[in-house]
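For reference, the structure discussed in these notes is given below.
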Amino acid sequence: MELVFLGTGAGVPSRGRNVTSIALSMLNERNAIWLFDCGEATQHQVLRSHIKLSKLEKIFITHMHGDHIFGLPGLLSSRSFQGGDSDLTIYGPAGIAEYVETSLRLSGTRLTYKINFEEIEPGVIFEDEMFLVTADDLDHGVRSFGYRIVEKDKQGALNAEKLKADGVEAGPVFQKLKNGEIVTLADGRVIDGKNYIGEPQKGKIISIFGDTKETVSELELAMNADILVHEATFEGDKAKMAGEYMHSTTLQAANLAKAANVKKLILTHISSRYDRDASKELLIEAKTVFENTEIAYDLAVFQVGE
């Protein structure tokens, strides 16, 4: 899995940063891409990346502010032109269905695929055999969600060396043993596949937050995450301003990462007041509290678990 930051700016696009959108690429895991927020011109950023809209399976909207949703109509239309024909699900606050449907209807846009809308409340919003996604309210004046994506633990690997040492030759029997089945060999021996399977592989946890000021719900959403993606609209000494505008600072994000025992913090949603050099200072500041911090730039790619 990898995170591709398509837009990392706050409020309005700047020369250095487009507005918010993050792609979670899971091509190896489920041959799919999930998108978190879709600010204006996100589809232009997609063209500059390796992301394929035909692989887009789900879109998660954190809140209904324009810098997080104005890119949706164009991106959804372009997905049709790029061969997307599988159903797409959009999760988000109340109003997301009306916004998308109205935009498409008034523009006369006809899609080649079906959109399913899930207007969510806090709790589990999606689960299958591979992933569990939960959401909770943040604090941004309008309803804003944070998302927690949990990859379920994977079965341990089959110990082929141990099987070989026990005189079991590779072949179709390996698949049965990998499934944990009890198998009778040609020589009459009965072996249990569970004795040859290693420890389960721990799944990854990714927490992606919408815009927010400091709030208590953040801690549970972020707890023990492999990656926490958090806004850092302002530098540390502007905490009062951040609170008034319902946003966060670098230090507030770093303190949360430390308290939640996350492995990596990625800062995004950077105000246009900070150019590239000033952004480096934001990173240095956050690292004084939480060392394993990165600051996202447009088109930056981060591997999950590294």
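Each position is counted from 1, following the chain as shown.
Any Cβ shown, glycine's included, is placed from N, Cα and C.
As annotated by Swiss-Prot, Zn(2+) 1 binding site applies to H63, H65, H140, D211. Cβ neighbour count for H140 (Zn(2+) 1 binding site) (all protein chains, 10 Å cutoff from its Cβ): 22.
The local packing around H269 (Zn(2+) 2 binding site), expressed as other Cβ atoms within 10 Å of its Cβ over all shown chains, amounts to 28. If you look up Swiss-Prot, you'll see D67, H68, D211, H269 marked as Zn(2+) 2 binding site.
Taken from Swiss-Prot, the feature active site, proton acceptor covers D67, and the record attributes it to sequence analysis. D67 (Zn(2+) 2 binding site) carries a helical DSSP state (H, G or I). Around the Cβ of D67 (Zn(2+) 2 binding site), a 10 Å sphere holds 23 further Cβ atoms from the protein chains shown.
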Residues flanking the Zn(2+) 1 site, with Cβ no more than 8 Å from the Cβ centroid of H63, H65, H140, D211 and excluding those residues themselves: T62, M64, H68, L138, G141, V142, S144, G210, T212, M246
Length of the line joining the Cα atoms of H140 (Zn(2+) 1 binding site) and H68 (Zn(2+) 2 binding site), in Å: 13
In the chain carrying H65 (Zn(2+) 1 binding site), residues 6 or more apart in sequence that have Cβ under 8 angstroms from it: V142, D211
Of H63, H68 (the binding-site residues), the residue whose Cβ has the fewest other Cβ atoms within 10 Å: H63
